[in-house]
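S.K.: So that we are looking at the same thing, I have put the structure below in structure tokens.
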Amino acid sequence: MSSFQVYRAALLLSILATANAQQVGTYTTETHPSLTWQTCTSDGSCTTNDGEVVIDANWRWVHSTSSATNCYTGNEWDTSICTDDVTCAANCALDGATYEATYGVTTSGSELRLNFVTQGSSKNIGSRLYLMSDDSNYELFKLLGQEFTFDVDVSNLPCGLNGALYFVAMDADGGTSEYSGNKAGAKYGTGYCDSQCPRDLKFINGEANCDGWEPSSNNVNTGVGDHGSCCAEMDVWEANSISNAFTAHPCDSVSQTMCDGDSCGGTYSASGDRYSGTCDPDGCDYNPYRLGNTDFYGPGLTVDTNSPFTVVTQFITDDGTSSGTLTEIKRLYVQNGEVIANGASTYSSVNGSSITSAFCESEKTLFGDENVFDKHGGLEGMGEAMAKGMVLVLSLWDDYAADMLWLDSDYPVNSSASTPGVARGTCSTDSGVPATVEAESPNAYVTYSNIKFGPIGSTYSSGSSSGSGSSSSSSSTTTKATSTTLKTTSTTSSGSSSTSAAQAYGQCGGQGWTGPTTCVSGYTCTYENAYYSQCL
């Protein structure tokens, strides 16, 4: 994934902490916005958790520990303070954030809203936040054999923007226990990594990234240092109102690692070195439009992006347990009370509507893409990172590297749109230029709400209200999900509501399964493996 940009000219005074490592400033108290989310069980009961979110360290004011002097201004480090990575970390501090006024981040109950352009004392573009379990640690999700559900409103995201919700294999504490130079930790949003091995991060592994720093040629606020931060990435949702994709990006290591120079690979390295790193920067992606299903997602289409909807992602294992091997990543939607199956590929050589090893191999072959996915472990490697636990990222960004054309237009732009895999959406190849998007769509925003996590089939039939963004429960409150009538646009049968039958796309069998073994009208209990059958 490409990096995110922020326009911030800090004009603050501070009283600063002093010590011998990357520090925390004290001018602005860090207060994390609250965000509720739910954990569900197989019987349909969901418990509300009182969580909070934190903005990434790259967005924060970085200043001297002995004065209000910026350590980083525009897209350059102050070399009188930052003579090298270690010294810079000792001399500089990260300060607290004013989330709404500076970054356009607001929460209400279970809803998080991210504004695109925020003009306060300085100009901010986009944001990247993490869900926390407490004030000093990120929440870790172990996705294997589970289901992750959320509501999203992308109606105000035009071409060139990406409202991305995804998981990365960051350290739960942001790196404080492993790297003594990191005194800020998860409380201040440190420790980011992804499959692009981003080199635009200001701090990595408790050190600054000022050595070899080259200011960006097309962005006055960013640059690239000698080091990158690598880890596995599961893009559950990358989308605007035109296109969407979900993508698995495995890495050789299940934990975060630091890389050097162009050997990092990914977006931030020379074009010839894109695949030289330890991660898969391309991943195995599922974009319905790219797979020929051009009438499935968008304004007024099957999944109508003019209105909020629910996104359900299932991480299915070979034995149906949380300790099994990842074999499939499946997508469902719920909108206006209807369960909608994912838009299937229209290419005869690429079958299905989910990510499997067979799908990834056939898609790479059809599109002529290099199969770096298998080189770095494929689905099994992705599953190993999930088993360790991954951090939830919620973000909104524009793309200075490729104008987001890889998501919503024809890409590469010098290839024919009729070539399989080139067309990814209806946006013009001239769209997505950050300066234009920022000028023409400053009021764009995305909302995420009603996050739920639990066993497969436990979250999306529990009466979530798309876009409601409200929760009256505390962390000790348990609610019992009620059965609702679910329909699908992929069949002429509307189904029926029944307490004795599994709902559309729900689990209906498998070893150890004690729930219903028949499906509502119009659906058949379909064998997936010995531990899991589903109403399809």
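Yeah, the Cβs are placed from backbone N, Cα and C, and that goes for glycine too.
These numbers come from a predicted model, not from an experiment.
Sequence annotations record features per position, and here Swiss-Prot assigns active site, nucleophile to Glu233 based on similarity to another entry. Per Swiss-Prot, the feature domain 'CBM1' maps to 500-536; the stated evidence is sequence analysis. Among the features that Swiss-Prot reports, N-linked glycosylation site is placed at Asn351, Asn414. Look at Swiss-Prot and you will find 459-500 tagged as region 'Ser/Thr-rich linker'. Among the features that Swiss-Prot reports, region 'Disordered' is placed at 464-499.
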S.K.: Can you tell which of the glycosylation sites (Asn351, Asn414) has the fewest other C-beta atoms within 10 angstroms of its C-beta?
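M.R.: Taking Asn351, Asn414 as the glycosylation sites, the minimal 10 Å Cβ count falls on Asn414.
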S.K.: Neighbour count, 10 Å Cβ-Cβ cut-off, for Glu233 (active site, nucleophile): what number do you get?
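M.R.: Glu233 (active site, nucleophile) is surrounded by 27 other Cβ atoms within 10 Å.
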S.K.: Compute the C-alpha separation of Glu233 (active site, nucleophile) from Asn414 (N-linked glycosylation site), stating it in Å without decimals.
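M.R.: The Cα atom of Glu233 (active site, nucleophile) is 28 Å away from the Cα atom of Asn414 (N-linked glycosylation site).
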S.K.: In DSSP terms, helix, strand or coil for Glu233 (active site, nucleophile)?
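M.R.: Going by the DSSP assignment, Glu233 (active site, nucleophile) falls within a strand, counted as strand.
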S.K.: Helix, strand or coil by DSSP: which one applies to Asn351 (N-linked glycosylation site)?
M.R.: coil
S.K.: Reported as an integer number of Å, what is the Cα distance between Asn414 (N-linked glycosylation site) and Asn351 (N-linked glycosylation site)?
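M.R.: Taking the Cα atoms only, Asn414 (N-linked glycosylation site) lies 27 Å from Asn351 (N-linked glycosylation site).
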